[in-house]
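Heads up: the structure comes next, in structure tokens.
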Amino acid sequence: MTRMLTFSAVAVLLLAACSWAHSETEELSVSELLERANSNLVRSADEPILIEGDIAIDSESERNADPCTSRGCTWGKYTDGKVYIPYYINNHFSSREKSIITRGLESFSSFSCIRFRPSRSSDRDWLSIESQSGCWSYVGRRGGKQVVSLARQGCLYHGTVQHELLHALGFNHEQTRNDRDNHIRVLLQNVQSGMEHNFRKIATLNQGTSYDYNSVMQYHKYAFSKNNQPTMLPIPNPNVSFGNAKEMSRTDIARLNTLYKC
Ligand SMILES: [Zn+2]
């Protein structure tokens, strides 16, 4: 009897813990989920350098250049007006995990001319979706096989999948926009030392869209903070909330459609 009671008590506690963890995760923005998944990563030597938390580069020389504005990085359009992007989802994902990834990939078909499709052996450029350490992607098409990492621990949410795919499609973080100083004030005095580069400005592909606090590419107010003080504040009203997106915003979609002339 005692054993039975103990067992039910443990079961109840486990259920409560699971639903708490679930609801906590449900409330986190994409930016918070990414920060949590990418903190304290132990990365292996064969994984790329990460900048701005989740953008992969292969050499230091890429640090200050946006490949998309300097040499072009978009994926080609087929004669039917669609942009087909081949992908392969690694087998180390469970079927539940694969379905989260597939839902993220397929969401693009509902609002743009982007069509992610399973890769074939004849494909030259393709995305290899793998669970490496953390959530990360290169910016734009690189040529050949290109990894998008969605770690099984922490990256498998609809919004984080969309965020990493937007990088692969050519987009940077909202706070690195060249016009960001008109919309957010960066407080470098609150940024962890060595992380200042995350707040550089680059020539981004804004596509005529206005700065969007609700972009899935906008980091939250406390990103890379060393002292729990904000690292970014909106202008002019510092109390306006931002960086809370859980999925792509209307502006993210508009920008994508403009870049790819959908
Ligand atoms: Zn990112």
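Using N, Cα and C of the backbone, Cβ positions are placed for all residues, glycine too.
Where the annotation comes from TrEMBL, it is an automatic prediction and has not been curated.
Annotated signal peptide per TrEMBL: 1-21, in sequence order.
Sequence annotations record features per position, and here TrEMBL assigns domain 'Peptidase M12A' to 64-262.
Mapped onto three states, the DSSP output places HIS167 (Zn(2+) binding site) in helix. Counting only same-chain residues six or more apart in sequence, the Cβ atoms lying under 8 angstroms from the Cβ of HIS167 (Zn(2+) binding site) belong to ASP54, ILE55, SER137, TYR138, VAL139, GLY140, VAL148. For HIS163, HIS167, HIS173, the entry in TrEMBL reads Zn(2+) binding site.
Long-range Cβ contacts of GLU164 (active site) within its own chain (separation 6+, distance under 8 Å): ASP54, CYS135, TRP136, SER137, VAL148, SER149, LEU150, CYS155. Annotation source TrEMBL lists active site at GLU164.
What surrounds the Zn(2+) site, by Cβ distance within 8 Å of the Cβ centroid and not counting HIS163, HIS167, HIS173, is the set ASP54, ILE55, SER137, GLU164, LEU166, PHE171, ASN172, VAL216, MET217 from the same chain.
Long-range neighbours of HIS163 (Zn(2+) binding site) (same chain, six or more residues apart, CB within less than 8 Å of its CB): VAL30, LEU34, ASP54, CYS135, VAL216, MET217.
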